[in-house]
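What TrEMBL annotates here:
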- 1-139: domain 'BAP29/BAP31 transmembrane' (DOMAIN)
- 6-28: transmembrane segment (TRANSMEM)
- 49-70: transmembrane segment (TRANSMEM)
- 106-124: transmembrane segment (TRANSMEM)
- 163-210: domain 'Bap31/Bap29 cytoplasmic coiled-coil' (DOMAIN)
- 190-211: region 'Disordered' (REGION)
- 195-211: compositional bias 'Basic and acidic residues' (COMPBIAS)
Amino acid sequence: MTLYYSLVFVLLVAEMALFMLLIVPLPFTIRRRMFTFISESPLVAKLQYGMKITFIFILILFIDSVNRVYRVQVELAETNKNAGGTVVMGHERMEVQARKFYSQRNMYLCGFTLFLSLILNRTYTMILDVLRLEEKVKAYEGSGKVGGEQTKKLEKAGQAGANEIGELKKQLANKTRDFDALKKQSQGLSAEYNRLGDEKSPVDTTPKKDR
């Protein structure tokens, strides 16, 4: 197995471990803290961004492996056809079967990795919805704090780019405030310049001659 397919296998094992961690029964408080930490941690956000890029490369490997399986199937059919309809035996057939096996293994490996990533994303979203519903039920029953800090964090969890959007809005507000200050300063300088120009401009006091 080549290095990149070994990395894909490691990623598949990590996804399986993460999936087991998501579905393992935990107390509501621990599960809520875990999901709020995942949604707020900047390290997890950077890791998710890197994983998206990684899955693009895995998708390319999956397409390449499907193409290899197709080419091996065509080659095997051509070999049997050239042999006059008899099944090819011996070293040549074993070589083709080995390449077919490796191509199919790589195809299944990349395919299951991509499929499990989609399942993880959907499972994460569903668990967040369940946690929000449990929080609302506890609030209706009076056994939970309505509008608590953990509740607010749980409501914001899973919202794509929520922290980034808030940061961008803050930066935009600062830029707008700086622009208004510069505009007022520019207007003040322009008014001062006009006033000084009027004071320093010479007044023509020479009498005009009658023609």
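Yeah, the Cβs are placed from backbone N, Cα and C, and that goes for glycine too.
When Cβ-Cβ distances below 8 Å are used as the criterion, the transmembrane segment (106-124) is approached by residues 5, 8-9, 11-12, 15-16, 18-19, 22-23, 51, 55, 58-59, 61-62, 65-66, 68-69, 158 of the same chain, each at least six residues removed from its ends. Remark: secondary structure over the domain 'BAP29/BAP31 transmembrane' (1-139) totals 124 helix, 0 strand, 15 coil, with classes taken from DSSP. Within the model, the domain 'Bap31/Bap29 cytoplasmic coiled-coil' (163-210) carries an average pLDDT of 67.
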